[in-house]
Structures are given as C-alpha cells and as structure tokens.
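Over in TrEMBL, the protein carries these features:
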- 29-49: transmembrane segment (TRANSMEM)
- GLY35, ALA37: Na(+) binding site (BINDING)
- 61-79: transmembrane segment (TRANSMEM)
- 100-127: transmembrane segment (TRANSMEM)
- 206-225: transmembrane segment (TRANSMEM)
- 237-258: transmembrane segment (TRANSMEM)
- 278-302: transmembrane segment (TRANSMEM)
- 314-341: transmembrane segment (TRANSMEM)
- 378-400: transmembrane segment (TRANSMEM)
- 420-443: transmembrane segment (TRANSMEM)
- 449-468: transmembrane segment (TRANSMEM)
- 489-511: transmembrane segment (TRANSMEM)
- 523-546: transmembrane segment (TRANSMEM)
Amino acid sequence: MVYESSYESGRKPFTPDVQRGKWEKPSDFIYACCGLALKLDLFVVSYWFYFDMGLFGMLPYYFYMAIYMVPLLVIHSFMGQFSSSGFISAFRLSPFFKGMGYVSVFLSIASLLYYAIFAVVPLIYIVHSLRPTLPWSCEALADVKNLTTLCNLNQSETDVIGMLMDNTTADVLELSEVHIPSVLFFKQHFEIMGSGFVNTDESMTLSWTVAGFSIFIWAIIACIFKYCSDTAKFGKLLRYMIVSTISIMLVCLVRFLFLPGALDGLLHYVTPHRDAMIGGSFTMTIVVLQAFGSGWGSVMSLSSFNDFKTNIMGYSWVIAFGQTLAYILFGMVSFILHHYFRSISVRTFDLYVEVNWVLYLSSASAMADMEWPNFWTILYYTMLLCASLVVMITQIFTVLTSLFDEFEMLRAQKEKTTYIFIGALAFLSIAFCSNHGVIFFSAVSLDSIITYSVMHMLLILAVLWIYGRERFQRDIEFMLGQPFASWKIFILRFIAPLFLIYSMLVGLFMASMERIYSSAPVMFISLFLVILPLLFIPGYGIYITYQNTGGFCNRFRRACRPTDWYPVEMQHRQQYEEVLGNSDLTHQLYEVTEEVN
C-alpha cells in the first residue's frame, strides 16, 4: 500500500514550509511543553479540584500519567514530528478529522483573549510596587467605605469586635467579612467595593486602566515576535523565561516559609488525607487534560520543530514530570498563603479571602508586611508575569505556525500576518478588562474541559482506529527505531476513552453549575466554545467527503485515507516509501475500488 497524494483526492497538495526552522537544542521542546503547565487558570478556576487536596491528593495524577497522559503526549508529538507541520496540516493523517485542527485554532484564540488578564494583574502590582509606599499597605489604605479589613484587625481587634457586637447580633457577627487590602486595591479599578469579586446583577464596567495595561502587554508580545520570531531564537527565549520563572518561584517559596502559619500550611500540604486521595482519584483526570496546552494542539505544533529522530517517548516522560513540578510548587505557595491569612484572622469572623485568586490578588497583602515589601512584591509578580507571557507567546507561536503550514499564501507575509493577529487579539481581549471578565474566563475554562475531552476521544479514533494501530506502530518504529508497546495501544483504545468520558461528564456538571449564576453573555460564549466546535468537526468531515468522487462509501473512505502523509525531508521520505512499498498491511477503509460507470 502506497500513500495517496492530494492530486488523487482532488485537493491541493501539501507544500512544506522550508523556512519554518528547528529548535536550537532538542531540550527546547521539553522546556516549551513544560511551560504549558504555567497556564495559571488551572490554579485559579480549579482551586477546589487540586489545592485543597495537598500533595497526596495528587498521587492519582501519576497513575493517570502512566496510563494515558504520556501515551497521548506521544501521539500528539508523533503527529507533529512525523509530518513537520502544525495541528491543522498534521491531520493529513486522516483528512476527515481535519476540522479538529481548525477547532484548535479557535480554542487557542478564545483562551488567548481571556488569558491576557493573567499578565495584566501582575503588571499592575509591579508598577504600583515602584511607589515608596505600597498602595495596599495599611499605611496607605485610604477610604474603604467602612469595610472591615485586615488593617482594622491589626490595629485594634478588640475595638472592632466590640463595635460590631454593639451594632449586630451574634449570628450576624459570625457572617462578618474581613477584607484583604490588596483585593480592595484591585477592585478600585472597577469602582466596586462590595462583597465578592463581581456581582452578576451589576452592569458591566470597563476599567480603562486595566485595558491600558492590557494593550501594553500585547505591545510587549509584539516586540517579542519582532525580535524572536525565528524558531531557534524563540526556543532559546522560552528556555530562559521558564528557567527564570521556576527559579524565582523557588526563591519566593523559601521567603514565604517565614510567614506566620506557613509551616502549618506546608505540613497540611504534605500530610496524607484519605479524603484527598479519594477526591484526587476522581478530579486528577481533569488536571491531566491541562498538559496539552490551553488550545489543545500546542504539543503537536511544538513537536513539529524536532528533528525527525527525536526520542519523543523519553521526552514525554520528562515533560510529564516537569509539569508536575510546576503544579507542586504553585500548590505549596497557595497552601502557605491560605494558612497565613488564617493565622492572622479573628476566630469570630469568617475571613474573606479571594480564594480562587489568592496567588494573584491576596498575595500582595501577605508581602506588604515583609521586610523590603516592594522588592518581594516586584520579584513575585515578575514571576507570575513571566509565567503568563510564556503561555501566551507559546500559544500564539503554535497558532501562527499552524496557519503558515496550512495556508501557503500567508508565508510570504509572515511578519504582517503576525502583527495583524496580535493586534486583533489585543482589541478583542478588551472585553475581559471588565468587572465581569472573571466570569467570562471562568466559562471559557470550564467549557474547555468538555471540548478537550471530546477532541481527545476523536484523536484516538482517528489515529488508532481509522489510521490503524498497525500503521501507527509501524510509523513510530520507522521514526524512532523503537516500537510503541501493544499494551499502551490497548489502553488508549479501550481504557482511556472511559476516563475521557468521565472528564466530559464532570465538565458538563461544572458548566451547568456555573450557568446557574451566569448571564446571557456567558451562555453565548458557551454556545461558541462547546456546541459550535463540536458540530464543526463532523461538518468539515462531511464537506471533505463530498469533495471526493464516487459513491458515498468510496467518498468516505477517501476522506479517511491519509494524503501526502510522509516525512518532509527527502532522505526520510524515500526510506518511508520503501517501507510502504514492502508493507502488506490492509484496512477496510483503505480498500477503495473505482466505480465502473
């Protein structure tokens, strides 16, 4: 059996981009994929999934990692490395499923729109940390409309309690809230000072200050792509940024250990809890999905810059453990900060902390009481800023790569296309610079769980069923010189879909719970992020089917057959053609017979 060309199927043949480049070092692929773990919406939206479980609650993650996360990483890496193309063109393996590539572009753009807020918030605190006195410190805290804050308690706990007891009943006293100054500081940008981050009944208020910082973030990203658009330079930049981010995180972690209550938090983090283990066995299936990037196809595009013989099997294990390190570090910092605020609270009050945003908003108040508070605030938020920029520029890089690989006409205007794309993202992301922006990105993050689960099931169907496990194992062995174990194939074909179905159901449950408190715009976002993408994939497959000739069965078989599926480099391509010529593998979907008129 010899692969089919695009000419035979009536479609335009794939033309490789000879100027796409390679990583400067093979390890740059590892760094880039490990950087995907810095998508901090996992630590914000999914707090109750992970951080409250501690280290032992994460143990099931290692089980899922071995069972299907690493094998799925290998499949993603195989498609990109074998085809030397992004997550659209890589579906030459089975054009019927090429709609998944376009959906990946759509999901990547959606995540980039809201992800700017994760870079904006650190930048705001960095800029204001340049003042001699931190504006969220007790010394500088201005009018807070008679709200009880940590500053009130620090100054006179007895007076505050006595005042509230004179004016309220004991029952109301238990419900009183103590606000965090740094959270109130951020709320001032939206002129909302009430309880909670945002009230869905309030009208949408755009903060022009936040929007201005957002534009500045996109300007930084544009500069990065101006000077580091080359693959080798981009990989080198990612390497330095990721190493710097982890290094600064370790320094901050050591300093946070000296906060009141920090050791209690660390002890709670590493102490085994039966409930945490049980909870982790269910919820870690959700966290596993985050390993593939905020736009789903990132690993596929990043692997396309590897050398053809790069050992993606060994690298996949290194990537999995590298991402785990990031989860553990951020989890430890989160536990320490939570226990710090608990240690300075008054027992008769429910301490109000922006729990889901403790790493971003509340942490500034924790550093305000340190020695050299400006220095530590700048250092900590620089780390968060770098982490956010790593995710954003990686996502943009993979999207642009996929577009350039698929649309040859864009390659001649790469720089112009890049700036137009970044400018469009900057303009559209302004919608998330509002007091309702947090609700919008929550909807995006939760809905993505459903979509990612379905797309992984379709990927397994396309690679291990339609393309076939024999051909997949043959291609892996040709590329790497080592086979892909049959037991891994069995688990991916029969066991992994069960976990993915469970993840999809959990995503549906979470999304439905979110919709109880959602507004019409959130429902509109869900329509575009879940229903339309899942309809587009089979819709595009039907479109490809009817582009072919013959009866329906022959059209469908041609749509599923790989077209132009071969290594790009001529030496490897010739060797691959020899392997195909000597292969006697057959599959019913490839037994296409010409109809006789």
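Every residue, even glycine, has its Cβ placed from backbone N, Cα and C.
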Proximity of the transmembrane segment (237-258) to the transmembrane segment (314-341), 3+ C-beta pairs under 8 angstroms: yes
Distal contacts, the transmembrane segment (523-546) - CB-CB under 8 A, six or more residues away: 95-100, 102-103, 106-107, 110, 440, 443-444, 447-448, 450-451, 454-455, 458, 511, 515, 552, 555-556, 558-559
The transmembrane segment (278-302) versus listed stretches 100-127, 206-225, 449-468, 489-511: most Cβ pairs under 8 Å: 100-127
Criterion met for the transmembrane segment (314-341) and the transmembrane segment (61-79) (at least three Cβ pairs under 8 Å): yes
